[in-house]
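**Q** The ATP binding site annotation in Swiss-Prot covers Gly643, Ala644, Asn645, Ala646, Ser647, Gly648, Lys649, Ser650.
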Amino acid sequence: MSHEWLISASETMRSIGNGEGLRDKGAVVANNDGEFNEGDTNREEDSSTIFSFDFDEEIVMCIDFSGGKLGCSILDYHTKTLKAFDQDYVVNKTTISSHDLIDDADMSSNDISLLLGLLIMEANPTVCLVPARLEDWIFDYIKTKCDEINCRLELQPIKRFKKWDLLQSLQLRGHDNQTILNDILSNSKFTTTVTLGTVGCILANHEQLGEYNDSTASSNMVTGRLVQNAFEDVIHGIRYIDIRDRMVLDENTISALHIFPTAHKLGHDKMMRNGFFSVFELFNQVSSDYARRILKSWLINPLTNKKRIETRYSIIRTLLDKQNAIIFSDLSQSIKRCPDAFGFINQLRSGKSTLGTWSKVASFLEKGIAIFQLVSSLKLGSDEANILHDIKNKVDISALKECLRKVETVIDFDTSRDTKTLTINTGVDNRLDECRNIYNHLEGILLDVARETQIFLLNTMPQEDCKTTKSLEKLVNAVYIPQLGYLVTISVLMEPLLDGIPNLQWEEIFRSSENIYFKNGRVLELDETYGDIYGAISDFEIEILFSLQEQILRRKTQLTAYNILLSELEILLSFAQVSAERNYAEPQLVEDECILEIINGRHALYETFLDNYIPNSTMIDGGLFSELSWCEQNKGRIIVVTGANASGKSVYLTQNGLIVYLAQIGCFVPAERARIGIADKILTRIRTQETVYKTQSSFLLDSQQMAKSLSLATEKSLILIDEYGKGTDILDGPSLFGSIMLNMSKSEKCPRIIACTHFHELFNENVLTENIKGIKHYCTDILISQKYNLLETAHVGEDHESEGITFLFKVKEGISKQSFGIYCAKVCGLSRDIVERAEELSRMINRGDDVVQQCGNLTEKEMREFQKNQEIVKKFLSWDLDLETTTTSENLRLKLKNFLR
């Protein structure tokens, strides 16, 4: 007998955590996605604009600048963390720079722009809130930065920045959280006035979103809680935004040092596959999005606190210890693809959990336990506490094991993966097991009902109707439909025959194009006996999962804290892995010395593209930072590098910058040895930031970068300058460069400077000579063959293009007064005629000839050509065209050809 199963056993063992499946069955699932009216990114509000807002993923940033004070706070909905300045950032012009090269008006704007750019880049907000009274130049800068990262900029009324009472009503768990909150509130009238206003604005903004979300009747099916104004649901912790112990990098430096990727790998050769275009790519061996966010934060914010930096060194040193080699390898494997605890906890809280969610919970717990055991096996030093000590001593491993035991006891992951639905283990709940047993035997029960119905119809229908009726097995069935219960189905072909049955007492429920669905006495008995078995199973499973979910959420603070530790450990494992693979060395940091000593340093990125990279050393010893008379003590803080084109000057420049940078993010460095005075800023004039929307000339953009670097630099800074002065007059460019070098060499608070230049005229007597105090001269070494004349630019034969000069890519002390630009142009394929003419002009200049006069003299070849052309002109002028009126055009053409012979 055939049965029409609308809901079969395989189809109904569904994932009750899946919202769509439950909606299909008539359940109501909370949808926390809301929409709200906010203004666009113009200075005028547009209340008709509607944006969606994800309460689990948004990052809201609020910035205010008032009375010379900058305040900032950030609410991360993903991690449920509120971050704020521990005190307002005060713009103090007297401490910005000791140099008199920049107007005071530009100092504060550069300082604020630099800080705002770093904050926005690090936070990567999705929404940025600013007050309507914000100064135009700050608003324009923030808008530009927000546009770059596709962040929505929203103007807020001033009254929202006075909602301090919202922060006072905030209740946070944990001693640290409450301490920070009380500290911010207690200093609200003194040091955190502007920052506290930004926090109030963020809370007021969330309050408005909650009210809108509540008005749309969005609810949470599992937790039964409305979003409303419950800040405790979105803020689980509060942290300081620390801007004091960080090295400052501006966007020019980040671009020049290739901190983040700006290009994609092209090609399939081994060199391209193994090479890295950015520091982020070099260390991006992490698997979770949250770990990637922390890595980005670390890269944007190198440290200046020696103790914190050396704590990271100690972890790398421990991981690379030969005694820990096997454990290090196992740790690197175990931590891969470790799920993000913030993600699955948000899904559990919002009622959006699926099989994937619970799989991540189990995977996180399994990997977390395995990593704890591996870390506990490491041979740790007795130095101060670090992440490894925190994992070993502060993580409650018994709680993790208990959570894992409960999850594995409740959920049958093997069956769930096979059926692609969430399945509860047998034995968890006797009531659920009993309902499942009934459900699994429904096919037999319904088969019996269908047979009984067929027999009933055969016995009650008139004899003549029975003869005309086809096989009842194909026309009569029994089915179960959730919520409707048990039904008898009859083919619509049999409807006329049913009219002949007296006192049938069947109730039609609904019909389709092929069947009619009835309730009769037999199926009513099933309704009474078994009820809505599918709904009962769903209810029991929801109840079980809700109980499990609550048990996991009670541990959310411990799980998220451990998640942060694991993410930071994964980054340090990446640092250690790169350091081991590429033979990096642990640098020595000093706090009070203006020193940059690098022995056999290498470029962290360029060496990934080369089989053999040629190392170079650097030595800057500028005495103590506090020494105002450093230049009188035979110390040097400035290096000027000269040399041939394409000889490696720019690479050497960025190589030193990257080594200092890597040292202060807490990683080992690509060098044999390094001793580095901690830098508070790395500032650059290397790459001209030209874009379509910037209409300034390249020299103007270069000068803006140079001015910004000089205005922000302190005695602890590092400035990298690559060929400043090009792109303008041949006198103005060298004059500006030389003036900057001389002025800085006399400054009491001169930063460390490494500069490259091709202005060889500066190294003549009484300008940038080797005798000037405070300046050291380096040059790139080259090997010149005997065929190459140092006094005259040699001609490179067509068959010997690669002969003459060999670039050694080695830096040594001294001054190079030749750039060999013509040779480089020849090797690069520039036209031979152009190169030969350039060589000729170069020889004239080197001999001291008058180039203008020489260019006015004609060669013998040119004189012969001139005389020939002169004869042609004379012949043409003596030609009497009046005599040619009857000459055909063809004959005229022939005569003209004769003139030109």
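Numbers here mean position along the shown chain, with the first residue as 1.
Each residue, glycine too, has its Cβ placed from N, Cα and C.
Owing to the predicted nature of the structure, the values given are computational and were not obtained by experimental measurement.
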**Q** For the binding-site residues listed here (Ala644, Ala646), tell me which residue's CB has the most neighbouring CB atoms inside 10 Å.
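**A** Compared across Ala644, Ala646, the most Cβ atoms within 10 Å surround Ala644.
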**Q** To see if you understand the setup: which same-chain residues, six or more apart in sequence, place their Cβ under 8 Å from that of Ser650 (ATP binding site)?
**A** Ile686, Asp722, Cys756
**Q** With a radius of 8 angstroms around the mean position of the C-beta atoms of Gly643, Ala644, Asn645, Ala646, Ser647, Gly648, Lys649, Ser650, what other residues of the same chain does the ATP site pick up?
**A** Thr780, Phe807
**Q** Please identify which of Gly643, Gly648 has the densest Cβ environment, defined as other Cβ atoms within 10 Å, among these binding-site residues.
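**A** By the 10 Å Cβ neighbour count, Gly643 comes out on top.
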**Q** Other than its own, how many Cβ atoms are within 10 Å of the Cβ belonging to Lys649 (ATP binding site)?
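**A** Its Cβ shell of radius 10 Å holds 25 other Cβ atoms.
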**Q** In sequence order, what residues of the same chain, 6+ apart, have a Cβ less than 8 Å from the Cβ of Asn645 (ATP binding site)?
**A** His758, Ser819, Phe820, Gly821, Cys824
**Q** According to DSSP, folded down to helix, strand and coil, what is Lys649 (ATP binding site)?
**A** helix
**Q** Determine the Cβ neighbour count for Ser647 (ATP binding site): the number of other Cβ atoms within 10 Å of its Cβ.
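**A** Its Cβ has 25 other Cβ atoms within 10 Å.
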